[in-house]
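**Student:** Okay, handing you the structure first.
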Amino acid sequence: MEVNEDMDTKSESEHQPSKDALIDISFCGSTPLLWKVSDMKRCRSAGVIGALVGSLARQPRQNVRLGRPLELLQEEALLLEETSTAAASLQTQDCGDEEVHLEAVRQYEAGLESSYKEQCALALEDKKTVLRRIMDEKENGTDDSGNAIRDRLNALDQAFRFPLPAMAVQLHTARAGFSHCPEERSFHSTDWPVPRDERLNTRFCVYRDLRHKGFYLTSAGKFGGDFLVYPGDPLRFHAHFIALCISMDEELPLSDILAIARLGSNVKKTVLLCSPRSRSETEKDESVEGDVVYSSLQWSSMV
């Protein structure tokens, strides 16, 4: 598995990846993220949907329409890793040399100070331009307030103050401007491939089996299940099933089964209880095809 230490800072037009190029998966904690549009297109064509979680630059104060990055489910990232089309791109830089890190911080702070002085000069010039225009209008009219404006203009060099919070600051979206502090580095670091527990293994077996059958899957957290199962692309179809992943030996309370079945009936979807079969069970019972056993639940009526 290839691990890329730095993200590509070139634009999409400058760098068009080939079909054999690996998909760069970035991590925030244990959450897989995709940043490149080309990677998002390749994942979509492969049936990996994900969910956009970023804000739009021109409309940041709303959450109706979202943009990059694309957040992937753990199962989606594992499927990409299993098909050898993805590589972990850890957004952390090696900061073994503390002097190099401190020098980068000093350069960044010097750049901020230089940018502040430049913006102060531009803001002062804009203020003078406005006062000159007002003064010319007053002199052409009958108003005697032109002298007061002239005095303000002459004293502007000493009296003008540009507030620091009003300074425009460039945000680094491709990669960090300088190395992360140790706390941030430990937060951004992650194990790749993602360590699996029994629960994740169960969900991944179900996800992989349904994807191989041609279904599209998204998260079903708001429906009380694990996955929403679509017969085609979610942009064109409604979900037909709510998949609930449970192991073969897991006990499920009857009240939970009734609750999920009633919820599925209310939202006009069929509930699927999905249980992966172990290798020994597959060898014992060859009459059942597939690696996952599916049981559908539909609410009919009260008895």
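Using the three backbone atoms N, Cα and C, a Cβ is placed for every residue, glycine included.
Whatever TrEMBL says is automated annotation, not expert-curated.
According to TrEMBL:
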type: DOMAIN; residues: 23-86; note: domain 'TSEN34 N-terminal'
type: DOMAIN; residues: 202-278; note: domain 'tRNA intron endonuclease catalytic'
type: ACT_SITE; residues: TYR230; note: active site
type: ACT_SITE; residues: HIS238; note: active site
type: ACT_SITE; residues: LYS269; note: active site
**Student:** Counting by DSSP secondary structure, give me helix, strand and coil numbers for the domain 'tRNA intron endonuclease catalytic' (202-278).
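**Tutor:** Looking at the domain 'tRNA intron endonuclease catalytic' (202-278) with DSSP, the answer is 27 helix, 20 strand, 30 coil.
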**Student:** Would you kindly give the Cα-Cα distance separating HIS238 (active site) and LYS269 (active site), rounded to the nearest Å?
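**Tutor:** For LYS269 (active site) versus HIS238 (active site), the Cα atoms are 9 Å apart.
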**Student:** Among the active-site residues TYR230, HIS238, LYS269, which residue has its Cβ surrounded by the fewest other Cβ atoms within 10 Å?
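**Tutor:** Selected from the active-site residues TYR230, HIS238, LYS269 on minimum Cβ neighbours within 10 Å: HIS238.
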**Student:** Just to be sure I understand, if DSSP states are collapsed into helix, strand and coil, how many residues of the domain 'TSEN34 N-terminal' (23-86) fall in each?
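**Tutor:** Tallying H, G and I as helix, E and B as strand, the rest coil: 18 helix, 20 strand, 26 coil.
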